[in-house]
Amino acid sequence: MLPSWTIGLLLLATVRGKEICYEPFGCFSDEKPWTGILQRPLKLFPWSPEDIDAHFLLYTNENPNNYQRINITDLATVRASNFQLDRKTRFVIHGFIDDGDSGWPTDLCKKMFKVEKVNCICVDWEHGAWTKYTQAVHNTRVVGAEIAFFIQGLSTELGYGPENVHLIGHSLGAQLAAEAGRRLGGQVGRITGLDPAQPCFEGTPEEVRLDPSDAMFVDVIHTDSASIIPFLSLGIRQKVGHLDFYPNGGKEMPGCQKNILSTIIDINGIWQGIQDFVACSHLRSYKYYSSSILNPDGFLGYPCASYEEFQEGGCFPCPAGGCPKMGHYADQFQGKTSAVGQTFFLNTGSSGNFTSWRYRVSVTLAGTKKVRGSIRIALYGSNGNSKQYQIFKGSLQPNASHTHDIDVDLNVGKVQKVKFLWNNNVINLFWPKLGASRVTVQGGEDRTEYNFCSNDTMRENALQTLYPC
C-alpha cells in the first residue's frame, strides 16, 4: 500500500481536461482543490461507475446472513426487498484494498441486528479500491455520488428522508461518505468516520475531506493519527467532526506491538494477519466501533485538551453534563452534538472487546516506618472483581496519600470492598508492616465516590481487605 501512493505523489502528471461527467451522477473536475494542490499534485479523473462496479448489499433483521442486492437506479429493487421505511438505514463503507461483501462490514450489520431494527447496507466498491492509492482516492468521489443519488431517490420517490441515514466509513470509506454528505448539502443524519484516511486529505479544503458540514452530526474515531513521516500513519490527525475521539491518544493502539510472525499467523487467517501487521492501529477504529454496539458503556470519552492532560488526571471525572460514548451511541450525547471540534480521550483494552472503565483511586498509608516499594489496589464490586492495579511506586511513608487513575477492563458496578497489597521485592530483616488506612474510589461516569477504611497493617505481599467506612 504505502510505496504505491508515496512514490505516486512524486510523479509529474499530464494536464487533462477540466471535468468528466458520468450521468446520472454528475460531473467531476480535475482542477483545484481536487487535484493540483500540495496534497494532490497528480491530475486524475475518477473511474466510471461501470469500472468501479460498486454493489449495494442490503441486510436486515429479516435477512441477516444473505444480502439482497439493490440497484440504486431502479428503486423497484428497494420496494421488492426487506428495506423498511420505518427504520434507520446505516451504510457501511470499506476503505482501500478492502471489500464490503464479507469481513468486518457484514459483521457490523449482524451486531446491529442484536440491538435494533435497522436497514444495513454494505457498499462494496472493491474494484475501485484495489488499485493505486491515488486512483482509489479519486474513485471515492464517484461512489460518494452514487450513494448521494440513491439517498436522494429514497427521499423523492419513497419519502424516506436523508435525516434517517447514517453513513459509517473506514479510512477512504470515511472520505467517501463525506463526498456523499457534501453532495446532499449536509442533510444526512449522521456520518461516522472510522480513522478517516490521511494521505491526500490532511490539510485539504473542507469540500475535499470529511468535515462537520457534511452531515447533521459527524463523529470520528482516530486510531492511527501520527504524522505520515516518519511514522507512516494512515489516519487523519486534524479534527474533522463535531465529536472527535482519540482513544489511547489516537496514534498507536495497545496490542498492536506484536512481532511480525505472531501477527501474520493470525487466528483469523493469513490475510487478516497481514492487514493487522501493516495497519493494526488503523483497523482498530472499526473494531472499537463494532465492540461498542454490544458494550456501550465501555468506551466513555472524556472531554480534554490533550492526551497528556488526560493521562495526568486533569480531565476526570466526567463534567456535570456527562461524557459521550465513543462508537455506535455517540449520537446520544444529548444537546451537545452541534458544536464542532470537540475532542475526547479515553484508554481501551488491548484485546478482547477492548472495553475500559476509568476510576480514580486515592490511598492513604498507615504504618510506623518509611520503606520503598509499590502499592496496588484491586476493586471488588457488584458486577465482578478487577485485577490489581499499581497506584504508586517509590517512597512509602505513613500518613502519605497517593492518587492515580486506573483503566479497568470490566465494569465492577457498585464498589463493595477493595484489597490492598504492597511490596518492595527486597529482603528486609526488620519485616516492616504497611497498610492502607483509607481508600477512596471514584467512578468516572457517575462521579460516585466510595470510601473504605481499615486499622490493619500488613507485611509485604499480604493482602489487606478494606470495607466501607
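Quick reminder: no glycine exception, Cβ is built from N, Cα and C everywhere.
Database features (Swiss-Prot):
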- 1-17: signal peptide (SIGNAL)
- CYS21-CYS27: disulfide bond (DISULFID)
- CYS109-CYS120: disulfide bond (DISULFID)
- ASP195: active site, charge relay system (ACT_SITE)
- CYS256-CYS280: disulfide bond (DISULFID)
- HIS282: active site, charge relay system (ACT_SITE)
- CYS304-CYS315: disulfide bond (DISULFID)
- CYS318-CYS323: disulfide bond (DISULFID)
- 357-469: domain 'PLAT' (DOMAIN)
- CYS453-CYS469: disulfide bond (DISULFID)
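Projection of Swiss-Prot feature records onto the structure.
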{"residue": "CYS21", "record": "disulfide bond", "DSSP (3 states)": "strand"}
{"residue": "CYS27", "record": "disulfide bond", "DSSP (3 states)": "strand"}
{"residue": "CYS109", "record": "disulfide bond", "DSSP (3 states)": "helix"}
{"residue": "CYS120", "record": "disulfide bond", "DSSP (3 states)": "strand"}
{"residue": "CYS256", "record": "disulfide bond", "DSSP (3 states)": "coil"}
{"residue": "CYS280", "record": "disulfide bond", "DSSP (3 states)": "helix"}
{"residue": "CYS304", "record": "disulfide bond", "DSSP (3 states)": "coil"}
{"residue": "CYS318", "record": "disulfide bond", "DSSP (3 states)": "coil"}
{"residue": "CYS453", "record": "disulfide bond", "DSSP (3 states)": "strand"}
{"residue": "CYS469", "record": "disulfide bond", "DSSP (3 states)": "coil"}
Inset, instruction - Work out how many Å separate CYS304 (disulfide bond) and ASP195 (active site, charge relay system) at their Cα atoms, rounded off. - result: 19
Legend entry - Under 8 Å by Cβ from HIS282 (active site, charge relay system), counting only residues of that chain that are 6 or more apart: SER171, ASP195, THR223, ASP224, SER233, LEU234, GLY235
Inset, instruction - Determine, from DSSP, whether ASP195 (active site, charge relay system) sits in helix, strand or coil. - result: coil
Inset, instruction - Provide the three-state secondary structure of CYS323 (disulfide bond) computed with DSSP. - result: coil
Inset, instruction - If we count other C-beta atoms within 10 Å, could you say which of the disulfide-bonded residues CYS120, CYS280, CYS453, CYS469 has the fewest? - result: CYS469
Legend entry - Candidate with sparsest Cβ neighbourhood (10 Å radius) among CYS27, CYS304, CYS315, CYS318, the listed disulfide-bonded residues: CYS27
Legend entry - Averaged pLDDT score, the domain 'PLAT' (357-469): 94
Inset, instruction - Mind checking which of CYS109, CYS323 has the fewest other CB atoms within 10 A of its CB? They're the disulfide-bonded residues. - result: CYS323
Legend entry - CYS280 (disulfide bond) and CYS109 (disulfide bond), Cα-Cα, nearest whole angstrom: 22
